[in-house]
Amino acid sequence: MPLPWLLVLLPWAGAAVLAFLPRERVAALTNCGISALSFLLALALLAAPQGVTGWTRLDALNLPLLLLAFLIGLTTAIYSLGAIAAEGLDPRRLRAFHVAFQLFMGAQALALLADNLGVMWVAIEVATLASVLMVGLHGTPAAIEAAWKFFILCGVGIALALLGTIILHLAAQPVIGAGEGLSWAALRAVAARCDPGVLNLAFVFLLVGYGTKAGLVPLHSWLPDAEAEGPVAISAVLSGLLLNAAMLAVLRAKAIVGAHPETVPPGALLLAFGLASVLVAAFALWRRRDARRFFAWSSILHMGLAATGFGLGGAAGNLAGLLHMLGHSLAKSAVFFGIGAAVRLRGSQRIADLGGLCIAAPALGWALAIGIAAVAGLPPFALFASEYLLVTEAAARHPWAILPLGLGLLAAVAAKVRVLQALCLGDPPTGPAAGPADWTSLGPIWAHLVLALLLGVALPGPLRALLGEAAGVAG
Amino acid sequence: MGFGQLPYDVAHLLGGGMLLLSFMLLYQRRVAAVVSVLAAQGAVLALAAAWQGWVQGAPQLYLTALVAAVAKAGFIPLALHWMIRRLALARGVDAALGIGPSLIAGVALVALAVAVALPITTGAQALAREDLAIALSVVLLGMLMMITRRNAILQVVGLMSLENGLVLAAIGVAGMPLVVELSTAALVMLVLVVAGVFVFQMRERLDSLDIALLHPHRGEGE
Amino acid sequence: MLVLGAVLTQALHVTLMLAAAPLVVGVIRWLKARMQGRRGASPLQPFRDLAKLCAKRPLLAENASLVSEAAPYLALAATLVAAALVPGFAHGMAFAPAADLVLVAGLLALARMALALAGMDAGTAFGGLGAAREMSFAVFAEPALLVSALSFAILAGSTNLDQIGAVFRDGALGLRVSLGLAAVAMVAVALAENARIPVDNPATHLELTMVHEAMLLEASGRHLALWELQAALKLTLWLALVAAIFLPFGTAPAGSGPFAWLTGLLAWGAKMGGLCLALAVFEGAIAKMRVFRVPEFLGAALLLALLAAALLFVSTGFA
Amino acid sequence: MLTAIALGLALLGLLALAALVPTGRWAGHWAGPVVLGGSALVSAGIALLAGGALAFGLPEGVLALPFGPAWGGMRLALDGLSAWFLLLLGLTGMAASLFALGGPARGLVAWPLFLGGMVLAVLAADGFTLILGFELMSLASWVLVALDHREAGNREAARLYLVFAALAGICLVPAFGLLGALDFAAIRAAPPEGWRAIAVLALGLVGAGAKAGLVPLHLWLPLAHPAAPSPVSALMSGAMTKVALYVLARLLLDLCGPLQPGWWGVPLLAAGAASALLGALRANLEEDAKAALACSTIENVGLVTMALGLALLFRAADLGPMAALAAGAALLHAMAHGLFKTLLFLVAGAVQHAAGSRRLDRLGGLIHAMPRTAVAALVGIGAAAALPPLSGFASEWLLLQALLGGWRLGEIGLQVAAAAALALAAMAAALAAAAMLRLFGLAFLGRPRSPRGAGAREANRFELAGMAVPAVLTLLIGLFPGLALALAAPGIRVLVGPAAMPPVVGLAIGAGEGHSAYAPLVVILLLGLALALLWLAVRRRSPATAERGPAWNGGFIDPPPEFVFGDPLSQPSAAGMAQPLRRMLGGTLLAAREAVTMPPPADPRPARLASGFEDRAALALPVPAARLGDAIAGQVERLRGLTLRGSLSLGFATLVGLLALLAWLERR
């Protein structure tokens, strides 16, 4: 069986196993084991030959995303080793959590690996449903509201994406060979000979559909509440993985449609959505009082930035977008880990209740501070590098784009600095405070930050080459 | 298409039937009736799939027809009816947008769908083009229904009829791989299950399915 | 010969300035007294005062620091160096190359700072008040001085006093409106810098509007003598400065023999005398203004200087 | 050479890592001395290397670092300009680190990173490296500013500080984007033209100005500098603002090429003049010693910016010597201010340690308790007040000469602008003198104003060493400005062209051939001679030693015995010293106000005088910006408040809109 399939089936098999593990400790450890195993498998992909095998493909574009996905899967599993106990879930829900988590990981892998657009669609749908279950896990009204919104909006979105896929097939159907009707490679090859009108229609639906998943404004409404409910681990994987998979799907569609010279340039639409997301999210950050929702909005901001990069297109633009996706996943999940630990410390996720971490729990406080700085795009982390490349590219190609970009970035940094100081500095508010954070939360945070640092200013040669190639693949 | 007018007309007829049913969905006031209309739409969909299978000589479409008949015309409506009975839903549907205006909006949407679909697909076969236009309309009408209905179940119904539109579009295209239809059908089931879970949870927490009552519970409030 | 002459004239100039300083003060007082119908003290009175002060044992406040003792020497030394740079009866003296107007202003600022520090050293109310006011007036005086220097720089192509004098002496420039404006501005600055009426009253004590004297309240004995001499020397310096820039005529070339020096000396004496008379008349004619009117006074001077420069931009070929 | 400096950078990074080690005895006893001492050594080494490079020839070529961002490497290069500022960095870094050794060891991780970030920014040979160093410097210094984050005021200062730093970055990055290439050499090869160049000018001015504290972007500066520990504020004021000026010069004078139009200098001249005037005036009104010093930093940054603008003007007008004069003034004043401001902030730190306060109204009479510190302070304020023969006067002499030559620009508008700038520069110098007098007089002269101040002690030897370094350098530069400018010559050539000659006449400095010159050695000789003669003469006439007695104080009655420090009313207060200038200029420029509350007759309460001011220029930008942002945020909130159906409709509307757009496009 080819390696990619293994990578999909292992988590699903794990999910099946976890479904029958009653003891939570054992289940959590098994969860970690499975995640570690699949991470090793993902590493093995580096050696695997690139190209299409059946419904899956392995290329420079999805390889980094896969590695990242399973890395974050592992760190999240380790984190929830310590954290999930504090979520106060009954055994049934706890088991549901573990099952859904592995289900999600497998679907995630499939979504990233898929070459057949239909399969990709199915995988993303499964991942969505799994995450919906995890979001609604607590069953509180707020959780139900978030999950229901998530479910309905993404259900509609995914349906539109399917329609887009079908229309894409309709466009290619006259010129494409039978059987490979939905293969990305094949579609991209023949795209130039398709009817541009149909391609446009297809792209609109794909963009709206997968863009909903990627949380692009104005299709973003589900994201803040979905990431703020459910166990903290969910926030990490949602912002770290699901958004990336959706963005990858958009990229695949863009690559196909963009291959036809006479279509409405897909980059322009993506750019518009990206800039809108940056502006709206940046200013939405100003009035957040809930820490997790704050960083959920910042995920929208960063997805918007990545979309802007891909919308600019070209080697540099795509590289900026890809780098931004990777860096954002690392930094943001690190921050969510930190927030989760802080929430455990204080039993509230309101910013006002979390203050003064640097004094209450210095190790956690400073780690979180650095993490937030990384998310805010301050040096020397990956987001700084990607934003530098993005802004310089925008200035060189569409100077007018500097204004919305700069405005959004400035507003976002202002808001993030405010929250950073509110969370980390000053005297802690008097109130219940548990013991300091343990290694299961600090370890993942530091690991992510170190990786983000390397990704920012000290990327090893081979990976650098890989990313460069990926920028080419994104078209 | 090597055939004469007939296949074209029949396919057109069936598609038009689905569109009509979508309008009836918008028009209906009573939940139970809405679900029955949905069932009817599923049945028509099954017929359309079978006809396309015969026209295109694509056996897998018969399977699609079967799935549609079983799931969309049979199981799902039954499940919904059961739910309605279990939850003793109010008979009447409280629409956010009046019936009349929503019908007008529906017509406008159909016009838009036609405007988008007709000119661009000149390359493709006439059949596919007609189907595309109708499918687009059904999808848009399904979304319109989701917007204009307050009741959670009716939102699910809207989603379902939206999916019907999808399948209609899918079967209209020759050579669409089987995986899509099957996965769609499977997922529709899954969606229904998840939706059911949440509907019951909502019911027990808020003893209402009016999603407007959900809004105040969003985290962080206003 | 040239070098020797330069050195000799320089030495003579310095001693002359030092000797003339008390005399100038004395003369002005005497003239003012005469104009007010009093007999007035003899013009030599300042010399006697200085001698008497030097003979007295100086008294310092308990908490006075070394500043009180060192500042007078520093201030007088700085003023003396500045005075040495200003051309007097002769031009082309030894220090001529260093005779830069900006440097003179800097040295005077140094003396002013020393004076203000000494004023604050004892930590008395009047000392701080005087120091603050002195520095505040300088805030308006210095720009006026430098902007009027701009006019000279444009006409002479340099801020070196000796060169300015040389350019103005040969009269190639003729009479210029802008120079007149600059002259007025500079005279205003001179009045403010030397604490003369209308900016300050040199003859008053313990009056809330005073500036210069307020800083000397704690000084006594030789320190007071040094301060008095410094003030007098500064006044002489300014008169000499005005003379060197606006009345550069009749100065002797340093290289020429003693006879030419003599004529230069006579001319210089005449100029200084005339300026003393003018100052006395002016001070006799007008009254002192309120402290917070001074900025307007000096601001007007600054505007005049700017106007002079602007006129030059327009009129001269440089524009 | 470059490699050695890069190794120094690596060493700084290692020191930061070493400071991370949290464990017991190391963290307790050794981390401080090792990290700070190491920083001092590395800084000294860097200063030596830079000075050597300036004296004996700069290294050719570019050093590519083995690592870098995903799209390319990071490059370092050392030319005249960067070497000059590197020299400044090394010297100030050494002094501040030495001083820090004398105090509690805090912020050990951020300190080397702060130094390293500055060095990296100055050494950078491509846009990314420069911005990386620039922002690293900002982030590290933010940590240092936020060290005392338990006080809300400090937190606010830190927040503003970081936001302004981000603003600087967000303006500079697109500026480099507009320049096109990443590598400096490539940019020089193809300088920007037309509106692109103008956009670069605007962005660069805002970006670098926000970090340098140019009016009206100076709001953060008087808040952040006092908030930080003294060695940090010394470094921020002495070195960091210079790095910002370096970026300004590099971007506008070097990278944009020599062909830019002359009017480019005007905005720099205007911003510089405004900063000089406003900063110097505020320095006279602030009642916190470090805040006053920070404001005087604004003034000096403004002076340097003026000089840079003049250099641009003269260069575009083909006045080579004048351009060199202006550029020399800029570089020399940057160096001079870097040193004496470091010195003054260190003095303020020593005073704070000894007397326990920075508020001028709680100090006084320290010259008796801390004579050595007082001498260092005298050198500092002398230079800051532009008194001969110290370094400040030399550089301001050059600046004034350049301004006095402004009439050579030919065009009347520029001439008038230069004349006005001259007036403002002179006024700023005089204002600085007043501020420095107030600072020294209130802190060191007079009587103590608080028990803690009365019990002050001399600074410890590390602090004295830290102050001695910049003090001696200030004296040396003041005495040998010619040598300093000769060192700066390569930098001047970078700014105004390869043919430029520094305005040097032997050891003295001159405003070009046939113009006046300033020879500090002559001045100091004459001063010394005059002093000696006077002293001898006077002491021969009056040998009596001075006697001590109570201050006469204009007949003010002696204070009652319970007033240990004398009657506080009889000593000038900070507000009182500021009163003349507050009334003369404050009203118009700083919205200064005074309010007297006079109790009715037969009411024993004393009359009170309340005075204050608010910096309109500083509030002119951030406040409306914040208000606007909040308004927009409010609108966005309405978007966020949508119900489920609302958001569904939003998505639906988006889809329909896109379809309509598509249909429309198809029609055409």
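Cβ atoms are placed via backbone N, Cα and C, with glycine included.
What TrEMBL records for A:114-405 is domain 'NADH:quinone oxidoreductase/Mrp antiporter transmembrane'.
According to TrEMBL, the feature transmembrane segment maps to A:6-21 (among others). Within the chain, the transmembrane segment (A:6-21) has long-range Cβ neighbours (under 8 A, six or more residues past its boundaries) at 27, 30-31, 34, 37-38, 41-42, 45, 66, 70, 95, 98-103, 105-106, 109-110, 113.
Sequence-remote contacts of a segment are chain residues at least 6 beyond its ends whose Cβ falls under 8 Å from one of its Cβ atoms, and for the transmembrane segment (A:28-48) they are 3-4, 6-7, 10-11, 14, 17-18, 21, 58, 63, 66-67, 69-71, 73-74, 76-78, 80-81, 84-85, 98, 101-102, 105, 109. What TrEMBL lists as transmembrane segment is A:28-48 (among others).
Summarising the annotation, TrEMBL assigns transmembrane segment to A:60-84 (among others).
Marked as transmembrane segment by TrEMBL: A:96-114 (among others).
Packing against the transmembrane segment (A:120-138) from elsewhere in the chain are residues 87, 89, 93, 96-97, 100-101, 103-104, 107-108, 110-111, 114, 144, 146-148, 150-151, 154-155, 158, 161-162, 165, 210, 213, 226, 229-231, 234, 237-238, 242, 245-246, 249, 252: each is 6 or more residues past its ends and has a CB under 8 Å from a CB in it. As annotated by TrEMBL, transmembrane segment applies to A:120-138 (among others).
If you look up TrEMBL, you'll see A:150-172 (among others) marked as transmembrane segment.
Residues annotated as transmembrane segment in TrEMBL: A:198-219 (among others). With a cut-off of 8 Å between Cβ atoms, the residues of this chain six or more beyond the transmembrane segment (A:198-219) that come close are 124, 128, 153-154, 156-165, 167-168, 170-171, 191, 242-243, 245-247, 249-250, 253-254, 256-257, 260, 263-264, 266, 269-270, 273-274, 276-277, 279-281, 299-300, 303-304, 307.
The annotation transmembrane segment is assigned in TrEMBL to A:231-251 (among others).
Taken from TrEMBL, the feature transmembrane segment applies to A:263-285 (among others).
Taken from TrEMBL, the feature transmembrane segment covers A:294-316 (among others).
As annotated by TrEMBL, transmembrane segment applies to A:322-342 (among others).
The transmembrane segment annotation in TrEMBL covers A:354-378 (among others).
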Practice item. State the residues, same chain only, that lie 6 or more residues beyond the ends of the transmembrane segment (A:60-84) and have a CB under 8 A from a CB inside it; answer 'none' if no residue qualifies. Key: 7, 24, 28-29, 31-32, 34-36, 38-39, 41-43, 45-46, 50, 94, 97, 101, 105, 108-109, 112-113, 231-233, 236-237, 240-241, 244-245, 248, 251, 322, 325-326, 329-330, 333, 337, 340-341, 344, 438, 440-441, 443-444, 447-448, 451, 463, 466-467, 469-470, 472-474
Check your understanding: With pairs closer than 6 in sequence left out, are the transmembrane segment (A:354-378) and the transmembrane segment (A:231-251) joined by 3 or more CB pairs under 8 Å?
Key -> no
